[in-house]
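Asks: Checked Swiss-Prot, it gives:
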SIGNAL    1-30  signal peptide
DISULFID  C81-C196  disulfide bond
DISULFID  C213-C221  disulfide bond
Amino acid sequence: MQLPLTPLSFSGTLLLMAMSNFLLWEHVTSSASPRLSTRNLYQRVVELSHCTHDLASKVFTDFNMKFGKSICRQKLMLYTCHTSSIPTPENREQVHQTNSEDLLKVTISVLQAWEEPVKHMVAAVAALPGTSDAMLSRAKELEERVLGLLEGLKIILNRIHPGAVENDYTFWSGWSDLQSSDEATRNIAFYTMGRCLRRDTHKVDNYLKVLKCRDIHNNNC
């Protein structure tokens, strides 16, 4: 028989999740050491990328359940992702036509565009009335994963393409909406952030699988 989670066991579960994430993140960020080969670093980054997208999907589910029902669907059409201005490959053919250096750089650009938003997202979630521990924990963990993934990719870029110049990334201006006293504006901001983060982590995950196949397995995968 499966026992319900008591407050203590629930806290323990969150702690185990946080520790698991910390160890995975540490594997990536400690990779500046020559002891971790580029092959192994790529493997760590791809694993982290998959976990990051999975977590982003869960965070979007949280936001959708909390804010989605009160949102006018017509209004959502007016809100685009702040990363939409970044020119990214949009289908399999375009991905395979993009050389590895450019694909890696655009992947970094997408993640860099989320560097500030995920930090503000955690603060905004923490300030929401009635926020559950689980929802806040997932938001914090997602921030750590995005930042860890970004750091790991920068290391890979410097190793494989030394001297490569990173692309510019898109400025995010959504902080005021997350803090808005207008509930509808705030709800749309949270919903849009969750939807766009899920979309972009999926892109990143797909790009990294292609890059790993090219750079590590010489397309034999």
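Glycine is treated like the rest: Cβ placed from N, Cα and C.
Can you walk me through where each of these features ends up in the structure?
Replies: Sequence-distant neighbours of C81 (disulfide bond): residues of the same chain at least 6 apart with a C-beta under 8 Å from its C-beta are T192, R195, C196, R199, D200.
When Cβ atoms from all protein chains are considered, those within 10 Å of C213 (disulfide bond) total 15, not counting its own. DSSP gives C213 (disulfide bond) a helix state.
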Asks: Within a 10 Å radius of its Cβ, which of these disulfide-bonded residues (C196, C221) has the fewest neighbouring Cβ atoms?
Replies: C221
